[in-house]
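Notes follow the structure.
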Amino acid sequence: MAKEVNIRKVAVVGCGFVGSTSAYTLMQSSLFSEMVLIDADKARAEGEALDIKHGLPFAKPMNIYAGDYSDIADAAIIVITAGAAQKPGETRLDLVKKNSAIMKSIIGEIKKQDCQGILLVVSNPVDVLTNVALKASGFPENRVIGSGTVLDSARLKYRLGEHLSVDSRSVHAFIVGEHGDSEIAVWSSANVSGIAVDDFCEMRGHINHDKNMRAIAEQVKNSAYEIIEKKKATYYGIGMAVKRICEAIVRDEKSILPVSSMIHGIYGIDDVVLSMPAIVGKDGVETLVPISMSSDEVEKLKDSAKTLKEVLEQTK
Ligand SMILES: NC(=O)C1=CN([C@@H]2O[C@H](COP(=O)(O)OP(=O)(O)OC[C@H]3O[C@@H](n4cnc5c(N)ncnc54)[C@H](O)[C@@H]3O)[C@@H](O)[C@H]2O)C=CC1
Ligand SMILES: CC(=O)C(=O)O
């Protein structure tokens with residue numbers, strides 16, 4: 001019989017830069033009272049658990065340990081960050097062969113535990129690997145989520161906030177589609193506290209805002225390349241994104257987040273995992289939120305879906 005889910009328990013599979021930073025961020029969040037770390041390199045998981053635990057006197061009590069798959073049976077959320085990361089110049093999609101094999105082997109282990117928790121995939125290419133995890137696990141679609149463009153949307157909000165000299169939390173803007181080169185910034189619904197972003201730009205005395213917005217979207221799309229070129233890996237932003245998604249689930253917030261999930265029939269797109277704004281709560285993805293998009297944005301979303309479908313074929 002399946003073990004009952006412990007809503008205060010999280011598992012992190014893969015304890016490299018992204019897994020350990022996510023674990024560190026989760027430790028500080030007080031969302032969980034138990035966290036198990038798993039890595040193919042057991043010593044790495046043990047070392048990270050020990051290091052993170054030493055911060056507990058400055059946080060809230062929590063049981064943090066390196067474990068194995070038998071420890072994840074009752075975890076509410078299993079965050080998967082295992083796999084190869086991009087090297088300078090590599091795209092996320094270049095990682096697909098290697099990481100889909102790793103994902104399949106991890107899901108095989110998770111399946112043996114009869115878990116009822118939610119899978120949160122972070123490893124790249126995240127949309128394709130979320131699809132692989134969904135198919136391999138046989139879990140219901142609402143329980144298999146990718147971190148998707150939550151990070152890209154945060155980068156967009158941050159850059160817009162900086163450009164417009166306004167708190168990035170007052171900026172409401174989504175990146176949708178692939179977490180990667182075909183992603184789309186949805187300008188047609190972007191706003192600052194309800195004021196259309198174009199109008200807000202004018203209010204702040206910005207001219208040429210079309211050109212500026214295009215440049216910002218390009219910068220956001222290329223952020224990972226820039227950071228990887230400079231420091232080899234990205235991990236702080238994604239650590240915060242993982243925490244934000246876990247928070248929405250554990251607290252049943254019904255927050256609207258652009259996580260990656262299985263799409264059926266939106267703008268004619270079907271059977272592809274990609275990011276669209278979704279209501280996220282205790283059951284994972286509750287429903288998608290159909291934000292308004294221009295015809296040009298819809299065409300780009302369809303292209304992004306086509307790219308992802310083609311790459312998924314390489315995993316078969
Ligand atoms: N979705 C997103 O927004 C982001 C995704 N990423 C992705 O996250 C992944 C991890 O990146 P990093 O942590 O920088 O890489 P890393 O190389 O530092 O860590 C990867 C870890 O996975 C472990 N691992 C490999 N195979 C495993 C298996 N079968 N079972 C358990 N553990 C296994 C390795 O031992 C290593 O500790 C990459 O695919 C990267 O592209 C990175 C940043 C943002
Ligand atoms: C590496 C990656 O996917 C990112 O930082 O966006």
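Placed from the backbone N, Cα and C atoms, the Cβ positions cover glycine too.
Remember, it's a predicted structure, so these values are computed and weren't measured experimentally.
What TrEMBL records for H179 is active site, proton acceptor. Taking Cβ-Cβ distances under 8 Å and a sequence gap of 6 or more within the same chain, the neighbours of H179 (active site, proton acceptor) are R92, N124, P125, V126, D127, G146, S147, G148, T149, L151, D152, S260, S275.
DSSP assigns N124 (NAD(+) binding site) to coil in the three-state reduction, outside any helix or strand. Look at TrEMBL and you will find 14-19, D39, R44, Y69, 83-84, N99, S105, 122-124, S147 tagged as NAD(+) binding site.
Sequence annotations record features per position, and here TrEMBL assigns substrate binding site to Q86, R92, N124, P125, V126, D127, D152, S153, A154, R155, T234. Mapped onto three states, the DSSP output places A154 (substrate binding site) in helix. Sequence-distant contacts of A154 (substrate binding site), defined as residues of its own chain at least six apart whose C-beta falls under 8 angstroms from its C-beta, comprise S168, G237, M240, A241.
Here TrEMBL flags K157, H172 as beta-D-fructose 1,6-bisphosphate binding site. Taking the Cβ of K157 (beta-D-fructose 1,6-bisphosphate binding site) as reference, residues of its chain lying under 8 Å away and at least six apart in sequence are, in sequence order, S168, R169, V171, H172, A173.
Per TrEMBL, domain 'Lactate/malate dehydrogenase N-terminal' is recorded for 9-146.
Marked as domain 'Lactate/malate dehydrogenase C-terminal' by TrEMBL: 149-315.
The phosphotyrosine annotation in TrEMBL covers Y225. Taking the Cβ of Y225 (phosphotyrosine) as centre and 10 Å as the limit, one finds 16 other Cβ atoms among all the protein chains shown.
For ligand 1, the nearby binding-site residues are G14, D39; that is, of G14, D39, D152, H172, these have a C-beta under 6 Å from one of its atoms.
Around the Cβ of G14 (NAD(+) binding site), 26 further Cβ atoms fall within 10 Å across all displayed protein chains. Checked against ligand 2, the binding-site residues G14, F17, N124, V126, H172, T234 give N124, T234 as the ones with a Cβ under 6 Å from it, listed in sequence order. Note: the Cα of D39 (NAD(+) binding site) and the Cα of Q86 (substrate binding site) are spaced 19 Å from each other.
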